[in-house]
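**Student:** Mind having a look at this structure? Questions to follow.
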Amino acid sequence: MEKTVVLITGCSSGIGLGLAVRLASDASRRFKGTARGLGGIAISKLGARSLLVYATMRNLAKKERLLECVRGCHASTLEILQLDVTDPLSLAAAAQQVQEQRVDVLVCNAGVGLMGPLETCSFQAMKTIFDVNVFGTIGTIQAFLPGMKRRKAGKIIISSSVGALQGIPFNAVYCASKFAVEGLCESLAVILQQFNVHVTLIECGPVNTSFLANLQRTDAEGSALQGLDPQTRALYSQYLQHCQSLFRDVAQDTEEVLQVFLEAICAPCPPLRSFTTQFFMPLTRLKLTSPDGSEYVRAMHKFVFSAGKAQGDQAEGQVRREAAPVLP
């Protein structure tokens with residue numbers, strides 16, 4: 001029986017690792033390279049064909065955590081490949097190692113973050129963000145899209161972010177890269193309707209993974225800030241406190257986010273955008289209900305920089321109050 005082939009990038013940690021473990025541990029062996037049961041997702045939604053998933057990562061030295069998570073019991077369902085999305089030769093080599101010579105579901109999960117005042121972001125750091133988040137995503141899609149178009153079938157699922165839909169203070173370069181991917185995917189989705197290829201952006205908020213710990217950031221006490229004006233330094237310090245509180249109080253568990261990915265994988269016709277959380281929706285809607293952007297800028301500034309505001313339920317109430325004048 002022909003298998004449905006799933007390939008996931010960025011599987012050394014976080015969402016990519018979790019998704020790979022989730023699918024590889026599927027008792028029915030319908031997924032190769034994924035994890036422990038399908039939660040609330042009905043296996044019948046996947047159709048009669050079994051699945052095979054390839055988990056990829058840039059540095060194979062980090063594969064031990066993935067292997068430990070599946071406890072070595074799923075050699076028949078898990079294939080790990082080296083893939084650096086910024087290297088065309090690596091992309092070509094990984095594509096050649098897919099024994100079925102096709103990918104039916106492509107999950108573009110590899111990504112990196114960059115946080116800090118724009119003045120402190122080096123050219124190399126900014127280039128890395130775009131190389132991975134934008135050009136890496138484009139290159140990965142380019143590698144597997146022609147086959148999907150020939151077969152008139154396929155799904156492209158992108159790990160996106162609330163930072164792809166709204167500008168977040170001190171994340172200017174990261175948001176710019178994610179905004180670019182949104183434009184890329186929205187443009188592709190219009191064309192790919194003709195080919196029965198579906199593009200889905202999974203819009204994630206804060207998630208309890210290692211992403212925040214691993215992202216490049218300007219040290220609040222470091223020398224890079226010394227040349228900045230005192231007001232920007234103070235605002236950045238305030239933002240870091242806000243960020244820590246937000247992750248502490250409203251970050252989602254990986255398992256909750258994985259359900260949204262699984263729904264997109266299983267759906268016959270998944271939507272262009274799927275949201276893992278509704279927490280930031282009032283701010284996102286402001287961009288549509290107040291197109292000149294002024295309401296959004298004011299609301300985001302208050303949300304981040306209003307001193308003494310707790311996060312969690314109190315923060316959610318704050319977001320809604322600030323958005324209320326222009327929300328229906």
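Each residue's number is its place along the chain shown, starting with 1.
Cβ coordinates come from backbone N, Cα and C, glycine included.
Computed from a predicted structure; not experimentally measured.
Pulled the feature table from TrEMBL, pasting it below:
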ACT_SITE  TYR174  active site, proton acceptor
BINDING   10-58, ASP84, LYS178  NADP(+) binding site
BINDING   SER161  substrate binding site
**Student:** Within 10 angstroms of the C-beta of ASP84 (NADP(+) binding site), what count of other C-beta atoms is obtained when all protein chains are considered?
**Tutor:** 20
**Student:** Between the binding-site residues GLY10, LEU17, ALA24, which lies closest to SER161 (substrate binding site), Cα to Cα?
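**Tutor:** Nearest in space to SER161 (substrate binding site), counting only the binding-site residues, is GLY10.
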**Student:** Measuring Cα to Cα, how far is LEU17 (NADP(+) binding site) from the residue listed as 'active site, proton acceptor' in Å?
**Tutor:** 22
**Student:** Could you tally the C-beta atoms, other than its own, that fall within 10 angstroms of the C-beta of GLY10 (NADP(+) binding site)?
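**Tutor:** Neighbour count, Cβ to Cβ under the 10 Å cut-off: 26.
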**Student:** Rounded to a whole angstrom, what is the C-alpha distance between ASP84 (NADP(+) binding site) and the residue listed as 'active site, proton acceptor'?
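**Tutor:** Cα of ASP84 (NADP(+) binding site) to Cα of the residue listed as 'active site, proton acceptor' measures 19 Å after rounding.
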